[in-house]
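> Okay, here's the structure, questions in a sec.
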2 protein chains.
Amino acid sequence: MSVTYPQGFRAAGVTAGFKDSGRSDLALVVNDGPSHAAACVFTSNRCKANPVLWSEQVIADGEVSAIILNSGGANCYTGAEGFALTHATAEAVADGLDISAGDVLVCSTGLIGPLFSRDKMMAAVPQAIAALSDQGGSPAAEAIMTTDTVRKEAVVERDGWSIGAMAKGAGMLAPALATMLVVITTDADLTAEQLDAALRKATSKSFDRLDSDGCQSTNDTVALLASGASGISPTEAEFTDALTEICTELAIALMGDAEGASHDLYITATNAASEQDAVEVCRAVARSNLFKTAVYGNDPNWGRVLAAAGTTNATFEPLTLDVAINGIWVCRDGVLAADPETIDMSPRGCDVTINLKAGDASATVWSNDLTHDYVHENSAYST
Amino acid sequence: MSVTYPQGFRAAGVTAGFKDSGRSDLALVVNDGPSHAAACVFTSNRCKANPVLWSEQVIADGEVSAIILNSGGANCYTGAEGFALTHATAEAVADGLDISAGDVLVCSTGLIGPLFSRDKMMAAVPQAIAALSDQGGSPAAEAIMTTDTVRKEAVVERDGWSIGAMAKGAGMLAPALATMLVVITTDADLTAEQLDAALRKATSKSFDRLDSDGCQSTNDTVALLASGASGISPTEAEFTDALTEICTELAIALMGDAEGASHDLYITATNAASEQDAVEVCRAVARSNLFKTAVYGNDPNWGRVLAAAGTTNATFEPLTLDVAINGIWVCRDGVLAADPETIDMSPRGCDVTINLKAGDASATVWSNDLTHDYVHENSAYST
């Protein structure tokens, strides 16, 4: 159900023909109101795809009536022709739904450089509109998949209102988002300002903590659309809590489906001087190719954890650190404290904890190991 | 010949038994003077190995009589016992040579955590002293190898004076050095201050531009020892030029022997607003696992070059960039400008040029692709 679980939304997923595989590749989600308040966060990559450049303008007034998403091409570094195609796509959706193109978000995902067919897009938009249904959440979630092996959908229910969401992304999950498209719908009645504040808080604790391979995409978008159809206005705290819950569930689902990964890494820094310090240390470990390959080899290489921590500016005394892997404190006060052979690395989940002994803040970053399959999938991606 | 090519130096390489392979693992280089001026640069990793902590004290007065280096163990995060072993090693060298322990640099390389045998070290130091010879450069270069497949030695000759060097390092070659040990000798007659200034300039343009896998070691050391035995004092500019030449030769040799690599990447940013901007862009590309895996698959994926550039704060207009791979300008003004199929990715060397159109500075960073063999070697390293 996902995005069509809350009241006031219809969705569809159809096949435009952008993908060689012949699988569905075009999703449309429409907010039937009564409210059309919305908020977005976009990639912080400065090289932004055309749909991101377009959608940044659409969201400026906090009103969105529909969002159209295609897989099979990023429409990034495709020049004026690419931007014109994004614009034309929004116009086609607007014409078919009798709304304004300025209220239509556009998202694309796929390879940078080549541009997908304008004719196919123009033929498929009316098909997507015709297929719109309040049961269309799952077909829409299916159509945005690229190298994803499973659909990512989630629902959070509260007293009289709910949030539904779909996501795609199975690689390039980096801080501040990456090749990740997420559409979140709610029938709660909130202003665009309230949605924006809640979305920034929720993503900062969820998607921004996901760092699969340190890379950052040109196309990432998280869109939050509110219909107000429940007639209920939760407090900002209540809504932020529910939104953080659904974003966290999806972030962990994205980690679990990262390209080629064989371990999910839960990297936690405790007793940090600040939450920012904790995130910095966790992210350094998450980006250490040496540690990530060791985990792939079921090697609890705590030395590589410390070597990664040592590249940061976080507050700590290097020789006092403790490190636990899967619950075993293998290093205490900077010295080997347990036989690494006693650590069971066979589960997919791998917990790494670094005790910084510098304060009382903490944070967790989610990542993956670096595997033969990662190398294979990413070396073969465009060929 | 390497470190024993300049006048005034003896060296040796012996087998202490730290390595399971039974290969030589202990190197000693002695400066017989008349001068003992020296300079060092160390890893900028805050988690420093015991020999680095020791050697930072030794170099403080700018005088060094000998340097002892072992492979088969990093002596890092080995606690008080590890520091005591470093100290005892320097004392043993000093006793055997009738010099001061405070003039003996110590370097170690290998796994973090476990400590190698004190007894083996104490037995091997006298053997190394007995083996000292003015022909000992190559045995010393052999003894510091770990996963290196070839000895790294170099000589630069000038009018009446010369520089010799040996290096080890085949992975973790990151900015500001990484699991890299380099000993450079010269018979030029220069003060410690002159050596320090020249070494910082030379390493900033050579070893600091080498970024194999983004990781940074706890043990990296570059030591420069000057005997003054030629009686010649070149100008600082002459010496810096020769030193930069030998450091660059060794840095490129290290790139060529990086663990598991199948391509050497020469990443250049041109027309940057500053050299720092150019280095930042090059380093971002060098650290993109997505680009590095694409290169491994012989895929000239220029979109991943731009996506990496977009994560930096360098001055440029994202949509105006040009990218060339192996001499073909595949992207001009942010749009596909040549058929990627025309780019020959089969040579080991791969040139990537990004024209930032923002100024007149430029820089090159050297890196490697990300391969199945990298994953294999680093997942199996300690097991």
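Note that Cβ sites are derived from N, Cα and C of the backbone, with glycine treated the same way.
Sharing the record's features from TrEMBL:
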ACT_SITE  B:T179  active site, nucleophile
BINDING   B:T146, B:K168, B:T179, B:E259, B:N378, B:T383  substrate binding site
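How buried are the listed features, and what sits near them?
There are 28 other CB atoms within 10 A of the CB of B:T179 (active site, nucleophile), with all protein chains counted.
Following the DSSP three-state reduction, the secondary structure of B:T179 (active site, nucleophile) is coil.
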> Write out which of the listed recorded positions, namely B:T146, B:K168, B:T179, B:E259, lie with a C-beta under 8 A from a C-beta of chain A, sequence order kept, or 'none'.
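It is none; no candidate comes close enough.
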> About how far apart, in whole Å, are the alpha carbons (Cα) of B:T146 (substrate binding site) and B:T179 (active site, nucleophile)?
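Roughly 10 Å, rounded to the nearest whole number.
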> If you measure C-alpha to C-alpha, which of B:K168, B:E259, B:N378 (binding-site residues) come within 10 angstroms of B:T179 (active site, nucleophile)?
B:K168
> Whose Cβ, among the binding-site residues B:T146, B:N378, has more other Cβ atoms within 10 Å than any of the rest?
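Per the Cβ count within 10 Å, the most buried is B:N378.
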> Is it possible to get the count of other C-beta atoms within 10 angstroms of the C-beta of B:K168 (substrate binding site)?
26
> So, in DSSP terms, is B:T146 (substrate binding site) helix, strand, or coil?
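Note: B:T146 (substrate binding site) is coil by DSSP, not helix or strand.
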> Counting across all protein chains shown, how many other Cβ atoms sit within 10 Å of the Cβ of B:E259 (substrate binding site)?
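Looking across every protein chain shown, the total is 27.
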